[in-house]
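Here's the structure, in structure tokens; my notes come after.
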Amino acid sequence: MNKNLHLNPVELRQFGLALLISLSVTLPFFSWFRYAPLTDWVSDASALFLLACSLPLMLPMKGRSVVSSSWVFLFAFAVGFYLLLSNKHLDSATVFIVLVLFLGVWSLLFSSYFNDKKTELLIVVSSVIFLACLLQALLGLSQIFRLAPFFSGYIIFDQNGIDSNIMGNIGQRNQYAQFLCWGIVSASYLYAMGRLRGYLFFIAVLFLSWLAACSGARLVWAYAIIFALVAFYWYVRRESDDIAKMSGAMAVAVVIMILTQLMSHQITGLLALAGLPVHTVSGTERFFSAGFGARRWVEWTKAIDIFLQHPFFGIGWGRFGAQSVEMELSAGLPKVPESWLFTHCHNLVLQLLAETGLVGCLLFLVPVIIVFCGYLQRGQQTKDNMLLVSIGLLVLAHSMFEYPLWYLPFLVMFLIVLLMAPLKPVQLKVRTDFLRIVGLVASVLALLYTINGVENFRVLVAFRTPAVGAADNLQRLNRLFEIEKNPLWAADADFVLTSYLVPSRSDIDLKLKHFERLASFRPYPDVLLKLSILYALNKNEVAAEHTLKMAIANYPDFAANYSVYLTAMKELDLKSLQRIALTAAHAYAAKGSQYEDARIAAVMTVASPVTRKPLF
């Protein structure tokens with residue numbers, strides 16, 4: 001064997017660790033297990049599993065009494081404890097709090113291990129990201145050419161837009177485009193490091209840029225601007241000539257990204273001449289046809305209103321959705337109904353202000369600002385930092401219009417950017433034996449959660465719809481009640497239970513508690529409908545009508561379903577609900593195939609008239 005290829009145990013451990021971390025931010029995006037009601041659990045759990053596997057490899061050596069680490073890990077613990085202390089109801093926050101505390105332990109060990117191994121880690125991370133992006137681009141190509149349905153479910157696709165909604169296996173066009181742009185900056189880094197030939201760099205960036213354009217993501221323009229600004233800043237403040245190579249590569253990438261956006265029609269035409277019809281639209285076309293989405297401005301306004309009502313500590317983690325549903329009915333805002341639940345206002349800062357208040361928002365923003373200022377200070381314009389700050393800014397830019405940080409692979413990548421910032425580390429006087437125990441315990445608990453969670457995931461997906469036989473449903477109920485005892489799975493089990501709990505007078509107090517708890521953070525159509533019926537059966541007509549009106553105002557596409565469900569029930573106490581639902585259903589049907597007008601017509605049978613404009 002060639003001795004030059006031999007890795008000693010320390011190098012092998014370091015490479016294996018870097019590979020595990022790299023896979024945690026790439027491999028989960030290939031998951032095809034996207035089944036309701038836990039569409040993102042497998043991807044998040046696989047990222048957690050890989051992080052848990054990496055912990056034992058990062059344990060410090062025995063016998064040391066001082067550990068050097070980035071202070072960012074303290075920020076992770078602070079966020080976790082703040083959420084624990086500031087949330088009156090933990091139903092919607094338990095899983096995230098536990099996750100953040102785990103990431104605090106992981107951050108401490110990660111930072112202490114890679115404190116002086118930055119380049120070695122980033123070469124592996126960028127290589128894996130680059131290869132993963134090329135594979136995701138191939139998956140997107142299969143969607144463009146309508147090949148995805150032939151892969152037996154291993155490549156996901158949109159039934160209503162097989163060749164127009166391009167998203168790889170990530171499952172969402174904007175996340176897909178952001179990830180491909182990670183690949184573009186990684187290609188620039190590998191080229192500058194001499195790990196990627198020039199012609200391969202050009203071909204790869206062209207391919208990734210075209211797929212990003214085909215996704216229809218409008219934020220690709222923002223990403224191109226970020227790359228241009230970072231490349232210019234690094235070039236102007238460079239202290240060595242090797243930075244010019246990466247800045248030049250980034251400049252070439254920006255030009256290619258812009259050209260693929262502007263020339264998408266011409267590229268489509270050339271492919272059509274070659275017998276390869278393409279039916280995608282670029283982000284540029286979507287921007288000029290619909291801007292950034294009218295509903296987004298409405299949700300931003302709601303978030304600001306909530307913040308003004310709860311300025312210091314917010315309404316609680318995960319509680320925005322319920323407030324949004326209420327305000328859609330009664331706040332007098334413009335009606336842009338879309339018939340799905342907005343659990344997030346689509347802006348990171350406004351979401352934090354609404355749910356965690358000014359205290360929680362500053363707890364997040366201040367460390368992030370300090371970190372990025374560290375990257376921008378003179379003398380830190382290195383290729384490593386250019387890669388990290390570019391990816392970090394992509395995540396932040398995307399977070400101003402959506403919520404990528406609510407998905408674990410994006411959160412971990414952003415955390416890595418924060419942890420590897422060129423800031424003075426803190427020296428912790430703590431025995432490494434204690435850290436080794438904490439790290440091992442965190443690893444074991446995370447592994448147990450993911451391994452045990454596979455069965456829970458299977459059960460919750462399989463039990464989403466009740467069986468035909470009563471005996472089978474009784475067995476399912478018992479199994480769901482068992483899962484519900486675990487606080488990390490209680491919310492998901494409660495949600496599946498709604499399909500089995502019939503709104504009736506039997507056990508009405510227990511059912512009311514169940515549905516009221518769910519409606520406080522997961523006010524989905526069935527939850528609100530059944531809760532309104534339970535209120536009516538419990539002689540609370542005002543609450544019943546208000547709850548049904550919220551359901552119609554937020555989910556007008558379900559108006560006919562509500563009417564049919566209520567009409568089938570012969571209870572006299574439901575007469576007013578039947579009338580409200582029937583009126584909305586008739587208003588919806590009267591507009592025929594004009595879906596937007598039909599939605600608004602149904603909504604306006606119950607909602608307050610428009611009395612104000614969005615704040616943006």
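Using N, Cα and C of the backbone, Cβ positions are placed for all residues, glycine too.
The feature transmembrane segment is assigned by TrEMBL to 12-35 (among others).
Residues annotated as transmembrane segment in TrEMBL: 66-86 (among others).
Within the same chain, residues 17, 21, 48, 51, 54-55, 58-60, 67-70, 72-74, 76-77, 79-80, 83-84, 121, 316-319, 408, 411-412, 415-416, 419-420, 425, 428, 435, 438-439, 442, 445-446, 487-488, 490-491, 520-522 sit at least 6 positions outside the transmembrane segment (92-114) and bring their C-beta atoms closer than 8 Å to a C-beta of that stretch. Per TrEMBL, the feature transmembrane segment maps to 92-114 (among others).
Positions annotated as transmembrane segment by TrEMBL: 121-145 (among others).
TrEMBL lists 166-190 with the feature domain 'Protein glycosylation ligase'. If one looks beyond the domain 'Protein glycosylation ligase' (166-190) by at least 6 residues along the same chain, the residues whose Cβ comes under 8 Å of a Cβ in the stretch are 29-32, 34, 39, 122-123, 125-127, 129-130, 132-134, 136-137, 139-140, 143-144, 155-156, 158, 196, 201, 204-205, 208-209, 211-212, 214-217, 219-220, 223, 227, 246, 249-250, 253, 257, 280, 283, 383, 386-387, 390-391, 394-395, 398, 401-402, 404, 407, 410, 413.
Annotation comment: TrEMBL describes 175-191 (among others) as transmembrane segment.
Residues or ranges marked as transmembrane segment in TrEMBL: 198-213 (among others). Tertiary proximity for the transmembrane segment (198-213) is limited to same-chain residues at least six positions away from its ends with a CB under 8 Å from its CB atoms, namely 130, 133-134, 136-137, 140-141, 166, 176-177, 180-181, 183-184, 187-188, 190-191, 220, 249, 252-253, 256-257, 259-261, 264, 267, 280, 282-283.
Marked as domain 'O-antigen ligase-related' by TrEMBL: 204-365. Over the domain 'O-antigen ligase-related' (204-365), the average per-residue pLDDT in this prediction is 92.
Summarising the annotation, TrEMBL assigns transmembrane segment to 219-236 (among others).
Taken from TrEMBL, the feature transmembrane segment applies to 248-267 (among others). Packing against the transmembrane segment (248-267) from elsewhere in the chain are residues 184-185, 187-188, 191-192, 201-202, 205-206, 209-210, 212-214, 220-221, 223-224, 227-228, 230-231, 278, 280-285, 386, 390: each is 6 or more residues past its ends and has a CB under 8 Å from a CB in it.
With a cut-off of 8 Å between Cβ atoms, the residues of this chain six or more beyond the transmembrane segment (348-373) that come close are 72, 75, 78-79, 82-83, 86, 300, 302-304, 306-307, 310-320, 323, 389, 392-393, 396, 399-400, 403, 405, 417-418, 421, 423. Sequence annotations record features per position, and here TrEMBL assigns transmembrane segment to 348-373 (among others).
According to TrEMBL, the feature transmembrane segment maps to 385-401 (among others). Only residues 6 or more beyond the boundaries of the transmembrane segment (385-401), in the same chain, are considered here, and those with a CB under 8 A from a CB of the stretch are 122, 126, 174-175, 178, 181-182, 185-186, 188-189, 219, 222-223, 226-227, 230-231, 234, 243, 246-247, 250, 292, 296, 346-349, 368, 372, 375-376, 410, 413-414, 416-418, 420-422.
Per TrEMBL, domain 'Virulence factor membrane-bound polymerase C-terminal' is recorded for 387-560.
Annotated transmembrane segment per TrEMBL: 407-423 (among others), in sequence order. When Cβ-Cβ distances below 8 Å are used as the criterion, the transmembrane segment (407-423) is approached by residues 21, 24-26, 28-29, 40, 43-44, 47-48, 51, 70-73, 75-76, 99, 103, 107, 110-111, 114, 118, 121-122, 125, 175, 178, 182, 367-368, 370-372, 374-375, 377, 380, 384-385, 388-389, 391-392, 395-396 of the same chain, each at least six residues removed from its ends.
Per TrEMBL, the feature transmembrane segment maps to 435-454 (among others). Same-chain residues lying 6 or more positions outside the transmembrane segment (435-454) and placing a CB less than 8 Å from one of its CB atoms are 41, 45-46, 48-49, 51-53, 55-56, 58-60, 62, 67, 102, 105-106, 108-109, 488-489.
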Quiz item: So which residues does the transmembrane segment (66-86) touch in its own chain, when a touch means Cβ under 8 Å and the partner is 6 or more beyond its ends?
Solution: 60, 93, 96-97, 100-101, 103-104, 107-108, 111-112, 115, 313-314, 316-317, 356-357, 359-360, 363-364, 367, 371, 415, 418-421, 423, 425-430, 432, 435
Quiz item: Under DSSP, the domain 'Protein glycosylation ligase' (166-190) has how many residues in helix, strand and coil?
Solution: 18 helix, 0 strand, 7 coil
Practice problem: Quickly jot the same-chain residues contacting the transmembrane segment (121-145) by Cβ under 8 Å, restricted to those at least six beyond its ends, or write none. | Solution: 15, 18-19, 21-23, 25-27, 29-30, 114, 151, 155, 157, 162-163, 165-170, 176, 179-180, 182-184, 186-187, 189-190, 193, 195-196, 204, 207-208, 211, 214-215, 276, 278, 280, 384, 387-388, 416, 420
